[in-house]
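Visitor: Copying in the features that TrEMBL gives for the protein in this structure:
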| type | residues | note |
| --- | --- | --- |
| DOMAIN | B:65-107 | domain 'NADH-Ubiquinone oxidoreductase (complex I) chain 5 N-terminal' |
| DOMAIN | B:129-417 | domain 'NADH:quinone oxidoreductase/Mrp antiporter transmembrane' |
| DOMAIN | B:635-700 | domain 'MrpA C-terminal/MbhD' |
| DOMAIN | B:713-790 | domain 'MrpA C-terminal/MbhE' |
| TRANSMEM | B:82-102 | transmembrane segment |
| TRANSMEM | B:133-154 | transmembrane segment |
| TRANSMEM | B:166-188 | transmembrane segment |
| TRANSMEM | B:208-233 | transmembrane segment |
| TRANSMEM | B:273-293 | transmembrane segment |
| TRANSMEM | B:336-362 | transmembrane segment |
| TRANSMEM | B:374-396 | transmembrane segment |
| TRANSMEM | B:473-492 | transmembrane segment |
| TRANSMEM | B:594-613 | transmembrane segment |
| TRANSMEM | B:628-647 | transmembrane segment |
| TRANSMEM | B:654-671 | transmembrane segment |
| TRANSMEM | B:771-789 | transmembrane segment |
Amino acid sequence: MKTNDLILQTVTKVCAFVIILFSISIFLGGHYSPGGGFVGGLMTSCAIVLLLLAYDLKTVAALLPIDYKIMIACGLLISASTVAGSWLFHAPLMTHAYSYFNLPILGKTSLHTAVLFDLGVYLVVIGVTMTIIQTIGESE
Amino acid sequence: MSLLHLAILSPFLLAIAVPILYKHIRSVHTGWFVLGLPVILFTYFFRFLSATQNGETVAESFAWIPSLNVSFDVYVDGLGLLFALLITGIGSLVVLYSIFYLQKEKERLGSFYTFLLLFMGAMLGVVLSDNLIVLYTFWEFTSLSSFLLIGYWHHRERSRYGAQKSMLITVLGGLAMLGGFVLLYIMGGTFSIRELIGQADSLFEHPLFTPALLLVLLGAFTKSAQFPFHIWLPDAMEAPTPVSAYLHSATMVKAGIYLVARMSPIFAESGVWLWLIASFGIATLFWGSFSAVKQTDLKGILAFSTVSQLGLIMSLLGVGAAALHYESIGENVYMVATVAAVFHLINHATFKGTLFMVVGIIDHETGTRDIRKLGGLMAFMPITFTIAVIGAFSMAGLPPFNGFLSKEMFFTGMVNVLNMDIFNLDAWGILFPVLAWIGSIFTFVYSMIVVFKVFGGKHQPDKLERTPHEAPLGMLISPVILASLVIIFGIFPNLLSGTLIEPAVASIIPSLLDGEFHVHIGFWHGFTPELFMTIGVIAIGILLYLTVPRWKKVYYALPEAWSLNRLYDKTIELAERASIWVTRLFMTGFIRSYLVYIFLFFIISLGFTLYWQDAFKLDTDNTAPIRMYELILAIIIAIGSVAILFVKSRLTSIILLGAVGYTVSLFYVLFRAPDLALTQLIIETISVALFLLCFYHLPKINLKEERMTFKLNNALISLGVGVIIALIALSAHSNKLFDSIASFYLENSYKEAGGKNVVNVILVDFRGLDTMFEITVLGIAAIGIYSLIKLRMTRGREADENK
């Protein structure tokens with residue numbers, strides 16, 4: 001049932017990457033402006049779904065050779081170790097550390113361990129969404 | 001955390017490393033890596049002997065869950081140390097033996113040693129914990145590792161059956177025991193065994209005392225395979241022989257005995273305790289030894305023999321409790337029962353360990369354990385024969401082996417019952433020595449069967465899979481060590497009396513030991529009733545052994561349908577059938593039926609609560625004015641939702657649903673919640689994409705169910721859900737029981753968590769644990785969907801399970 005998707009495909013080529021970049025931006029900025037790992041992850045999956053709609057499962061799998069199930073595991077591991085990491089410093093679970101640093105190019109930036117936790121959330125959300133969509137899409 | 005804690009946890013730590021070692025170093029048998037640990041632990045625990053000998057105890061504490069009164073307190077006293085030495089000592093020998101028993105080319109050694117180490121750590125935890133909850137945790141861990149080890153050859157149907165049976169019975173008992181522990185906590189206000197012992201007098205008066213006692217005993221009886229719960233032990237023999245020797249003879253099945261001994265200071269005042277333990281023990285002794293003679297599988301004989309010996313120790317502990325009711329401590333004759341229990345516990349571990357290893361050798365070298373096929377092996381395996389004779393004669397209670405000494409003391413303990421005048425023992429006490437004596441006769445008979453049917457008689461080479469020959473040296477080391485212990489303990493029993501037995505007895509009946517107390521075990525007591533009982537056992541035993549074929553008919557007097565095993569099987573079958581029936585009742589396989597259940601429950605429970613609590617309230621004070629935009633959006637949503645009902649094509653309804661969702665997100669924009677709006681928008685996008693993907697798989701719309709009642713039902717349910725939600729939303733707005741928490745977050749999110757976006761700070765910091773578990777649930781759901789869809793085409797693989 002594939003028809004000529006030229007317009008969709010051309011637009012997707014540009015859009016998908018803009019969406020992914022934007023999603024990473026709102027993921028990183030989540031602590032200060034709207035966004036965060038959950039929304040960021042969903043938005044990245046949206047971009048991938050867009051790619052799926054414009055092309056097909058095989059092309060996208062070749063483009064992004066990722067096993068999303070492993071991605072879920074990695075995300076969970078990152079989040080869980082951030083949660084447990086505070087034990088090493090004799091602090092209660094989920095205690096975050098943050099401070100301001102002067103980084104080259106970026107200037108004064110706030111770095112926060114919550115971002116690590118959020119990175120886990122980000123990865124899990126992408127992994128879950130894409131695992132579900134891929135599995136259902138593949139089973140014809 | 002002390003060294004003692006580390007000693008208990010070290011097997012768990014090594015268990016993590018074992019699979020890695022197994023995977024990467026295949027040229028060396030994994031057992032060699034494991035062997036060091038039990039040996040080191042044995043030496044470590046050996047050093048405690050000098051302390052417990054002087055009546056001292058060692059206690060270490062580690063706060064685990066202080067808010068729930070659960071702390072990982074470990075405590076080494078005579079009893080705990082005795083078990084710890086058994087666990088690590090027999091453990092070392094069993095690991096050494098298993099290195100030669102399990103071939104590294106064929107077996108999954110990684111799993112085997114992981115399970116074995118799990119068990120070792122759990123068992124050490126059971127016997128050294130002071131906290132009941134910690135004890136229970138380790139207790140269930142032993143059941144779990146036993147389950148895994150019985151099912152080690154999981155391709156065999158019998159292994160799986162045996163594993164499930166042992167799991168069901170022991171875990172059921174374990175749960176009962178947990179109930180008993182909780183009752184003890186309610187009575188005493190502490191989970192610490194030592195503190196509970198301190199309050200033993202006040203506990204005795206409490207109305208919950210007897211229920212707690214019964215529940216704890218249920219745990220002990222199931223674990224220690226007491227009649228009628230013994231049926232799991234013979235089926236557990238499907239495990240590899242080293243496991244049978246270790247778990248199902250020397251250590252794990254003695255956890256129940258440990259529990260009874262440990263709890264004695266709390267419960268032993270009670271007559272129920274004495275009667276239950278003594279009578280169940282003696283019944284088990286009789287039934288186990290009687291059934292053992294019937295068996296044709298060598299491991300079956302040993303299994304029933306273990307059952308009966310456990311009953312013997314149990315009954316001794318029960319009778320030993322009587323000592324509490326008699327004052328004269330110095331010469332208290334009833335103490336002998338408790339001493340005998342501890343002594344026999346050690347002896348049983350040595351001779352039964354020996355015999356199991358001998359059976360393993362026979363199985364390994366001939367390929368069968370069936371006594372009808374075996375015979376005449378004396379000439380082929382002389383060393384094994386010698387070991388077997390030592391083990392079996394000790395089990396039968398013949399001098400000069402250690403079994404003789406403890407058997408004599410057992411008789412003394414049972415004969416003493418005749419002199420007791422408490423709890424109606426004067427009326428029924430005569431049964432104890434009689435049953436003990438009959439049980440011992442059967443013990444003698446099956447001990448002889450083990451030796452002479454296998455090693456004596458005629459060799460039948462045509463029935464054997466391979467030509468028998470002596471076992472390799474490595475396999476003989478462990479049984480030879482154990483057999484020498486049988487002899488050493490037999491000739492020098494007082495090696496044990498001061499070092500192990502006295503401290504252990506002191507832990508079982510501490511109240512009696514203020515004064516001097518010494519155990520001396522001697523061979524010759526003069527012409528006592530016990531001696532004549534032993535002579536009788538030997539004489540009648542020999543007679544019965546020679547005439548076994550003539551009286552074996554009695555075993556078939558009871559029809560098979562009446563046996564306990566049939567009862568168990570029927571119960572399981574019935575439970576399975578009932579659960580299938582109940583499940584089929586409501587599991588139709590259609591998601592729409594499930595949604596109906598969920599929504600109906602939702603309407604009924606929430607509606608009822610709303611009505612019952614009189615919670616509905618409408619309060620328009622604190623509401624914002626309705627603006628034009630909101631009205632427009634609401635109308636769009638209403639039109640969209642109603643339109644979905646009348647649409648004929650599914651594609652259109654998906655798009656309409658999406659439109660409704662996007663409109664909802666506009667609401668968030670109006671109410672200045674950018675995070676929510678963003679999330680809602682993306683969620684809508686993704687769910688529309690998902691719907692489109694599922695499009696193929698969905699049944700055709702509106703084809704099957706055109707009936708009016710179906711539509712009416714759905715209309716009623718949806719109307720109900722809508723009304724309930726609206727009522728709850730309105731009431732929630734009107735009832736303000738607490739101040740909003742929002743101000744707390746607004747104030748603290750920057751101060752405490754360094755973030756300006758409150759929503760995100762809540763997600764990753766304030767309520768980060770919620771997020772952690774939510775993403776875990778998401779992950780599980782994704783894996784679940786993956787396996788549901790990917791694995792459904794692999795049906796019909798059930799036949800492979802038994803390959």
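Including glycine, each Cβ sits where the backbone N, Cα and C put it.
Where the annotation comes from TrEMBL, it is an automatic prediction and has not been curated.
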Visitor: What same-chain residues lie close to the transmembrane segment (B:208-233): Cβ under 8 Å, and 6 or more beyond its ends?
Guide: 139, 143, 162, 165-166, 168-170, 172-174, 176-181, 183-184, 186-187, 248, 252-257, 259-260, 263, 267, 270, 272-273, 276-277, 280-281, 283-284, 287-288, 303-304, 306-307, 310-311, 314, 564-565, 568
Visitor: Please compute the mean pLDDT of the model over the domain 'MrpA C-terminal/MbhD' (B:635-700).
Guide: 86
Visitor: Go ahead and report the DSSP secondary structure tallies for the domain 'MrpA C-terminal/MbhD' (B:635-700): helix first, then strand, then coil.
Guide: 57 helix, 0 strand, 9 coil
Visitor: Summarise the domain 'NADH-Ubiquinone oxidoreductase (complex I) chain 5 N-terminal' (B:65-107) by DSSP state, stating how many residues are helix, strand and coil.
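Guide: The breakdown for the domain 'NADH-Ubiquinone oxidoreductase (complex I) chain 5 N-terminal' (B:65-107) reads 27 helix, 6 strand, 10 coil.
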